[in-house]
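One structure is given here, and the rest of the page talks about it.
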Amino acid sequence: MTIEESGILNADPPLQDGVGSSLDQDDYSRNPVPQEKTLSGIHIAMVVIGGTIGIPVYLMSANIGGSLGLSKAIPAFSLGCLILGLLGALTSLSGAKTHLSTYMLVEFAFGRVGARVVNFVIALSLIGWYGVTMNVFAQAMDVTILDISGQSFPFSVYIIGGSLLMCAVTVSGFKGIDTLAMLLVPFMLFFLIYAAYLSSGKITSWDMTSSAGTGISFSEAVSAVIGSYIVGVVIQPDYSRFAKNSRHALWSVFVALGLSFPVVMVLSAIPGIATGEQDLVKIMIALGIGIPAFLLLLLGSWSSNVLSLYSSALSLATIFTRVHLWQIIAAIGVIGTAIAFLDIQDYLVKFLLLLSISIPPVASIYVMETLVLRKSQCDVVKLAKESPVNYVAFLAWGSGIGMGLLAENGIFSISSIAAIDAIIVSSACYKLFARPDTALPHH
């Protein structure tokens with residue numbers, strides 16, 4: 001059944017979208033995206049590619065490349081991205097078939113009231129990472145600007161300036177993020193290729209390792225690759241809901257995660273292997289390409305952090321239903337900027353990693369609910385008549401989190417990857433206990 005046949009688009013908008021605003025003004029944060037507002041897969045792919053390019057990926061890729069050498073790093077990148085692509089295909093289908101955001105899908109799975117807990121956890125994680133990324137961005141910008149110009153500016157200039165840039169794009173919704181990605185991604189890929197080309201001559205063999213690595217194993221490398229974007233996979237419906245159809249959603253994920261992401265990691269790893277330095281920006285400065293380093297740092301942080309800002313706002317929009325999306329974005333920008341100023345990332349990251357374990361099971365639950373139990377029939381208007389809390393979903397979520405913690409602490413693991421273990425257990429638990437007649441409206 002298509003979204004048009006289900007009658008979703010013809011339904012009157014719920015009261016929560018009142019306050020005199022049109023649906024598109026709030027970027028369809030609480031309603032399906034109309035077919036006439038959808039885009040081809042290339043737009044979705046470019047947004048996701050932009051989200052995979054940034055400082056954390058540069059550092060991780062250099063570590064893996066330095067530890068394993070290209071001969072083993074490339075298979076690790078490829079396997080990790082294959083798993084991400086397969087998981088992303090399922091979450092993308094959920095968004096493309098319903099045209100709903102991740103957090104509305106969570107409402108169908110956990111209930112309208114129950115979903116507030118889940119969506120708040122997701123928002124908390126994304127806001128925290130936004131603040132941490134802003135702090136790292138500001139530190140890197142300070143080093144880069146000082147090297148290029150010999151001038152040093154107050155730390156606050158980079159944090160506030162960067163946050164304003166990100167908020168300015170995000171308040172325009174997916175359209176602004178799409179435009180940004182279409183403009184910036186080609187430049188970022190070019191700079192990565194250029195840096196890899198300049199440093200590749202120093203790599204004497206495919207097995208060459210360097211001090212950029214910390215000696216991680218192949219399985220740890222695959223786990224790191226998956227962990228680097230698993231939250232992105234969970235929130236994939238935020239972007240795939242704008243896809244013209246399921247085919248466009250699927251091939252966009254294949255291009256972004258299956259093809260582009262491993263290439264980005266290989267390109268980021270080559271300079272690290274060649275020089276023994278993890279920080280790609282410092283490597284580029286040493287190679288005499290300081291301005292491209294500055295642009296890659298700015299553009300990469302810009303294109304990736306807007307996604308954290310956008311998705312956290314969509315998440316909170318399901319909780320604060322009488323507040324405009326742009327107001328939520330502005331508030332998150334202020335909070336995230338404050339977190340960046342606190343300079344507590346060493347403590348905050350541990351808490352955020354713990355939160356991150358709780359997020360992957362959410363995807364397995366809403367995918368099971370959306371694609372298996374409801375057969376993609378998610379009517380926003382009828383949602384109000386359903387049970388406000390789905391306790392089976394919370395049981396499955398708790399089971400997944402428990403399994404993830406066991407795997408993370410080395411006590412017991414199914415796949416040796418905590419996020420995958422959590423997904424497997426929560427999926428099995430939800431399929432076992434959630435009957436089709438309890439997932440759908442009362443019969």
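Residue 1 is the first one shown; counting continues down the chain.
Just so you know, glycine gets a Cβ as well, placed from its N, Cα and C.
Curation does not apply to TrEMBL; its annotations are automatic.
According to TrEMBL, the protein has these features:
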- 1-30: region 'Disordered' (REGION)
- 39-61: transmembrane segment (TRANSMEM)
- 73-93: transmembrane segment (TRANSMEM)
- 113-132: transmembrane segment (TRANSMEM)
- 152-173: transmembrane segment (TRANSMEM)
- 180-198: transmembrane segment (TRANSMEM)
- 218-237: transmembrane segment (TRANSMEM)
- 249-274: transmembrane segment (TRANSMEM)
- 280-302: transmembrane segment (TRANSMEM)
- 323-342: transmembrane segment (TRANSMEM)
- 348-368: transmembrane segment (TRANSMEM)
- 389-407: transmembrane segment (TRANSMEM)
- 413-433: transmembrane segment (TRANSMEM)
Checklist entry - Is the count of Cβ pairs under 8 Å between the transmembrane segment (180-198) and the transmembrane segment (113-132), pairs 6 or more apart in sequence, 3 or more? => result no
Checklist entry - Per the 3+ Cβ pairs under 8 Å rule, pairs at least 6 apart in sequence, do the transmembrane segment (280-302) and the transmembrane segment (152-173) touch? => result yes
Item to check | Same-chain residue ranges lying at least 6 outside the transmembrane segment (152-173) that approach it to Cβ under 8 Å | outcome: 27, 134-135, 137-138, 141-142, 145-146, 180, 298, 301-302, 305-306, 309-310, 313, 325-326, 329-330, 333, 336-337, 340-341
Checklist entry - Who are the long-range neighbours of the transmembrane segment (73-93) in its own chain, taking Cβ under 8 Å and residues 6 or more past its ends? => result 44, 61, 64-65, 67, 102, 218, 221-226, 229-230, 232-234, 236-237, 240, 243, 246, 249-250, 252-254, 256-258, 261-262, 265-266, 269, 363, 367, 371, 420, 423
Checklist outcome for this item: With the greatest number of Cβ pairs under 8 Å to the transmembrane segment (218-237), the stretch among 249-274, 323-342, 413-433 is 413-433
Checklist entry - Hey, does the transmembrane segment (323-342) touch the transmembrane segment (413-433), meaning at least 3 C-beta pairs closer than 8 angstroms, sequence gap 6 or more? => result no
Checklist entry - To the transmembrane segment (348-368), which of 249-274, 323-342, 389-407 is linked by the most Cβ pairs under 8 Å? => result 389-407
